[in-house]
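Student: Sharing a structure here in structure tokens format.
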């Protein structure tokens, strides 16, 4: 007789038809809440409807039902993303000059929007070169499409239709996995299987398929494009895939097929999987062969990572075991209990993911210019500036979101009874030490960083340049940063065989890459001016962290309000008779953190914009002389507050202020309008609820007098609502103002 080990039983992890599909609930606003479903008595109703519609915690306390709603909403989100992508590709196919740009990317600007001639708006269609008139776009899609090997507008059409199909599919999936086959809670909590699928599937096979596409489609097509072949003459993608001889003409080792792979003679593939470093002098982008190699390597790493965790076959790591074994000499119970937190609190999970994704997004911002991944991206200054600014803002918002959801976790999901002496408990017990030290650091950084500028302004005003902190007087060189730059500049040849240049030209080493007479990238010098502004960065980041961390650590209780957890995530004050307890909720800390995040990111993007125009971007003559856009004025001008105001904000705002009557005039209007939106926010931030309630009551009196009073009673915004509206307009106004200022400037001079 044969003895078999018992087969692991496959558990059924979905419920069939849990919730019937009905459109009737759509007709009942607020169907998720008993109070809101009754309909409006006062105008507060519409605000509560918006505040709670997506707050699934407030609809039910059943974790399984909440999980299903979140899961289903994710498919809705993906559907919108595919729809948006489809729109981008459709614009490229239908309204753009992509094919013209492809034939001459150095002299023709990218445009994918042509304004219709209504009331004279066609003035916005500027001349982007090659006889095409339209709005210059700065999203980087053209460069991305070229890198992917897209050579015609027909291919863009096909991709747009494909994305539309996927959008519909995602919409269907969201409905199906909520109404027809909804996963059970156990499925959402099976972290090892999730890691298996996300690491090996999404990241591993995703990177592998992209690497395959790059090798078989992107590389040969870009090889032809770089050689100046007409895009219409280049074979179509499927021809490269089906006909190996075509590829073998470009990369002879293709003729040998997979033999070198299985005989471990991998160096045969070094024609198209390279490790060169630096930039391709033809396109000013990273070597596409380096990028293909990178994605292949990433794929291998993640395919291995995806097979490290214990699923149906009892081998591999268990996340719970790893976390509980993670103890240090000073950390008590260590991560014991963290597994339970992360599998039962989606806020805790989301908080970690937002913190990491936000940091990663900021890392992306810094790599997009220092290692420009796509052909002709580095010389498209408007796109470079836009991509940096965009990723910085997004990263800032995600990090504030991380603090918001950490605080919601503390208020709603944290259970102090079964948390004793683990790391989180230990952090909470010495939160006073953490916050007071952080506060001291903020005071130190604020006074010293700002003090250096004030010193320089004073000396400059008194006509004593020799007593200023500058590269030509009292030097404060960023020696550590310069040391890191130098180390990287010396690295090629020592770190990897065959590497000819360092990871980024910005490190140093003297070489410069220019494309079509424009600088793509060159070594970026750091001096006293950078030292000063970097300490402003340190200051603003630390203050943001102070506010957000205080909100999280004191979300449940504080000396002022020991029972804060009972008041919830957002509340205006601790009730009547408790003066001085307003604006202390966890929500209020997020509110305040947003302003400091805005400060921090603004300084970063201003620094970047000016530094690049002053020391990197510009034109190069036949003799090799580089002329920068602002002629290297950053080092001497940005060392005083006055310099920032005069030589950056004011001097560079001339393009947006003088844009009326030109194709950039829309930016002038946005600049004006966004200032108004920003100023509008102050009305909400600087006045109290009672003021508005009094005003409303006299307006209601007038309506009653004329017998036109509505059935729904008007009410002033609550304190929290008013602050929410205020911060929203503050950020929207500020960001849109910056956007108009940056783009009008860089499109005009770049």
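Don't overthink the numbers, they just go from 1 along the chain as shown.
Cβ atoms here come from the backbone N, Cα and C positions, even for glycine.
The annotation [4Fe-4S] cluster binding site is assigned in Swiss-Prot to 573, 582 on the grounds of sequence analysis. Under the heading chlorophyll a' binding site, Swiss-Prot lists 675, citing sequence analysis as support. Taken from Swiss-Prot, the feature chlorophyll a binding site applies to 683, 691, supported by sequence analysis. What Swiss-Prot lists as phylloquinone binding site is 692. The transmembrane segment annotation in Swiss-Prot covers 70-93, 156-179, 195-219, 291-309, 346-369, 385-411, 433-455, 531-549, 589-610, 664-686, 724-744.
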Student: Can you tell me which recorded stretch out of 70-93, 195-219, 291-309, 433-455, 589-610 has the most Cβ pairs within less than 8 Å of the transmembrane segment (385-411)?
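Tutor: The listed stretch sharing the most Cβ pairs with the transmembrane segment (385-411) is 589-610.
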Student: Can you tell me the three-state DSSP label for residue 573 ([4Fe-4S] cluster binding site)?
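Tutor: Coil, per DSSP.
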Student: State the non-local partners of the transmembrane segment (346-369) in its own chain: residues 6+ outside its ends, Cβ under 8 Å from one of its Cβ atoms.
Tutor: 66-67, 70, 377-378, 384, 387-388, 390-392, 394-399, 401-403, 405-406, 408-409, 412-413, 521, 608, 612
Student: What's the number of neighbouring CB atoms sitting within 10 A of the CB on residue 582 ([4Fe-4S] cluster binding site)?
Tutor: 13
Student: Write down the Cα-Cα distance for residue 675 (chlorophyll a' binding site) and residue 691 (chlorophyll a binding site), rounded and given in Å.
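Tutor: Here the two Cα atoms are 24 Å apart.
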Student: Identify, among the binding-site residues 573, 683, the residue whose Cβ has the fewest other Cβ atoms within 10 Å in this structure.
Tutor: 683
Student: What parts of the chain pack near the transmembrane segment (291-309), using Cβ distances under 8 Å and only residues at least 6 beyond its ends?
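Tutor: Sequence-remote neighbours of the transmembrane segment (291-309) are 147, 191-192, 195-201, 203-208, 210-211, 214-215, 218-219, 272-275, 316-319, 373.
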Student: Measuring Cα to Cα, how far is residue 683 (chlorophyll a binding site) from residue 582 ([4Fe-4S] cluster binding site) in Å?
Tutor: 19
Student: In the structure shown, which of the binding-site residues 691, 692 has the fewest other Cβ atoms within 10 Å?
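Tutor: Ranked by other Cβ atoms within 10 Å, the binding-site residues 691, 692 bottom out at 691.
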Student: Kindly say whether the transmembrane segment (589-610) and the transmembrane segment (724-744) touch, using the definition of 3 or more Cβ pairs under 8 Å where each pair is 6 or more positions apart.
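Tutor: Counting Cβ pairs under 8 Å, at least 3, so yes.
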Student: Short question: most Cβ pairs under 8 Å with the transmembrane segment (724-744), which of 195-219, 531-549, 664-686?
Tutor: 664-686
Student: Under 8 Å Cβ-Cβ from residue 675 (chlorophyll a' binding site), six or more apart in the same chain: what's there?
Tutor: 733, 737
